[in-house]
């Protein structure tokens, strides 16, 4: 792994190199043991008021989201209205899928590259080009308006949006060995759509915008549900920071590149967040919650007011781990530009307007580049 160690007294630091849509970037990381996050570092927010008819209640939650988004870029949410039964069914179905023989799983292979739904096997993805290939398997479902109850007739979607959409392309026919699989994931996907749209309006409020400010940009979103299967890492010890010997990652150090991510994780843990001080902290599983993290779009539109935070996963639990991230962003036909109210009088915009399809293409190109950049 490519890192440079600097001795500046105690503790030592190392430079973590990351791929981004703007080229390589670095973060300074403390070479200290990974520790559990404090409640103040990754706060728990009760979001039930965002479903209230009272705007004052919704604004109160938006203020808490604003604080979390500016300080760490990660927070837990509870009372999110995603039925526990839907979560349990999706989790059970994911375990059933990944425990099949490889020759069965590859029947659902994502054959058309990064813009396709389906299965990706071990060693096929590398989120961070200076770290090892991700030690995971995945199955993903891209946004399909045929699965979106808010779209009455996909045939009437305007062409600028429809050309980026994936109508009927999820390879559910290749999961026929698991009759319950499709129903479980469609139900969970639809529940995540509802939650993501509610959170989008809460984020708009958190920025002192009308609640509907982003509605048009997510009418036909760039969204995907991904299930990750992480076998236990067999090194026998967790490393404290990039650059230590025998470092292996379940998923490498990265930021998410859309608007935000809604993550469900099982009880085995493994998610680590790089805080502002440069220390890796564990976002341990909290029953009944999701983890929400800010993506690159929200950092860009807020002119760096909100933080798209570096994170990774290392499964040293000794057990199989499953996580189910739901990635949510503006439609691929939309663009992303800095909001006027996020620039002070003498503050310049740090980012040019970018087409969402161009941004996503750049980031996905890094994800599937398995060449050694170390």
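Positions of Cβ are set from backbone N, Cα and C atoms, glycine also.
Residues annotated as region 'Disordered' in Swiss-Prot: 111-130.
Break the domain 'Fe2OG dioxygenase' (220-330) down by DSSP state and the numbers are 6 helix, 43 strand, 62 coil. Sequence annotations record features per position, and here Swiss-Prot assigns domain 'Fe2OG dioxygenase' to 220-330 based on sequence analysis.
For residue 254 (Fe cation binding site), the same-chain residues 6+ apart in sequence whose C-beta sits under 8 angstroms from its C-beta are 18, 19, 127, 128, 310, 311, 312. What Swiss-Prot lists as Fe cation binding site is 254, 256, 311, and the listing cites sequence analysis.
Using a 10 Å radius centred on the Cβ of residue 321 (2-oxoglutarate binding site) and all shown protein chains, the other Cβ atoms total 25. According to Swiss-Prot, the 2-oxoglutarate binding site annotation covers 321, on the basis of sequence analysis.
Neighbours of the Fe cation site: apart from 254, 256, 311, residues of the same chain with C-beta atoms within 8 angstroms of the site's C-beta centroid are 127, 253, 255, 261, 293, 308, 309, 310, 312. Distance from the CA of residue 256 (Fe cation binding site) to the CA of residue 321 (2-oxoglutarate binding site) is 20 Å. If you draw a 10 Å sphere around the CB of residue 311 (Fe cation binding site), it holds 24 other CB atoms from the protein chains shown. Within the same chain, residues at least 6 positions away in sequence whose Cβ sits under 8 Å from that of residue 256 (Fe cation binding site) are 293, 294, 295, 296, 308, 327. Per-residue confidence over the domain 'Fe2OG dioxygenase' (220-330) averages out at a pLDDT of 91.
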